[in-house]
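Per TrEMBL, these features apply:
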DOMAIN    2-146  domain 'Neurotransmitter-gated ion-channel ligand-binding'
DOMAIN    153-260  domain 'Neurotransmitter-gated ion-channel transmembrane'
TRANSMEM  148-171  transmembrane segment
TRANSMEM  178-199  transmembrane segment
TRANSMEM  211-233  transmembrane segment
TRANSMEM  304-326  transmembrane segment
Amino acid sequence: IIRWNKTLYGGESTISPKTTDVFRPRMTLLNTMGDRDLFKDDYAPVVIDSSGFTSWFPGSIFPVSCKLDLTKYPFDEQTCNIDMMLMNFAAEQLQFVAVHSYVNRNFYIENGEWEIKYTNITAEVLNISSSMVSSLVISFMLERKPEFLVLSILLPIVFLSLLNLLVFLIPVDSGEKISFGITVLLALSVFMSIIASMLPRSSESMPLMVRYIFCLLIISVLTVVDSIIIVRIHHMEQKVEKSDNYAQRARSSEIKPRLNGSLQLVSSLDHLTRLPEERESSPATSTSSQSEATGKTYKQIAKYIDIASLILFTIIWVAFTIEFIVSAAI
């Protein structure tokens, strides 16, 4: 109908009629929750050559729904499709034909977050309500660029968790052991909330990075608990000294009323006539030396627990980190 012999019309080979005067197929978008009718108000120019070949280049923003697999976030790859379908025409009347198997990217501008790895275009025939209709599926394989997330989120969390292990190198007498661990724990909690706000609310595929950070959070909690126990053991000396002093005061209060003046004098003279070796072996001195030895024992136990905890939590941290790296790389 729209062919003509260009020699009969002064060699005119192309015309550009009004868009409303040319047949345009009505297309809908299947995988969207927005407006499904595409190009209904698009009046892009139509170019027709003398052979009847018609060119129409409409444009639109497609709010497409894609199912995301965030298991390897931020090292993930996603595949999104644009599913178009012809309306009001059966497949016997009108069909899509994919001229190329790839998407033309001559006018594509690089995105800062995603990189297009692969594109594909396929024409299919769908069976909808016992009717065969033609559809066109445009597929994009996207790979996330993880550099920003790694530098701003992941590496600070790894460094903080590594810094958390150094809590066992802080002396108990400094008074900063527990506060240091709690500070690192709060910092990890803040990063955890930041990542939660960046991810979609879905539990179908839990990102490996979220699991890794949660494990680091548990390690941080355990280090704080371990530090509290170590500080408690280290200061058991004061508790022992208080109990010994209380026992001495109790014994002295029981013996003192029973003694009269003469016995006190004899006791004093007897103490003065003792040899130095006997004085050193007196009950008060032995009690003091025993208390001092007990205090040193508790401090030594706390020191050994510090060293053992540093080695143990370092091994656990390295194991979790290696597992995360291997899982993300596979």
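Cβ coordinates are placed from backbone N, Cα and C, and glycine is handled just like the others.
Of the candidate ranges 178-199, 211-233, 304-326, 178-199 contributes the most Cβ pairs within a distance under 8 Å of the transmembrane segment (148-171). Same-chain residues lying 6 or more positions outside the transmembrane segment (211-233) and placing a CB less than 8 Å from one of its CB atoms are 157-158, 161, 164-165, 167-168, 172, 177-178, 181-182, 184-185, 188-189, 191-192, 195, 298, 301-302, 305-306, 309, 313, 316-317, 320-321, 324. Mean pLDDT for the domain 'Neurotransmitter-gated ion-channel ligand-binding' (2-146) in the predicted structure: 87.
The residues of the domain 'Neurotransmitter-gated ion-channel ligand-binding' (2-146), classed with DSSP into helix (H, G, I), strand (E, B) and coil, number 7 helix, 53 strand, 85 coil.
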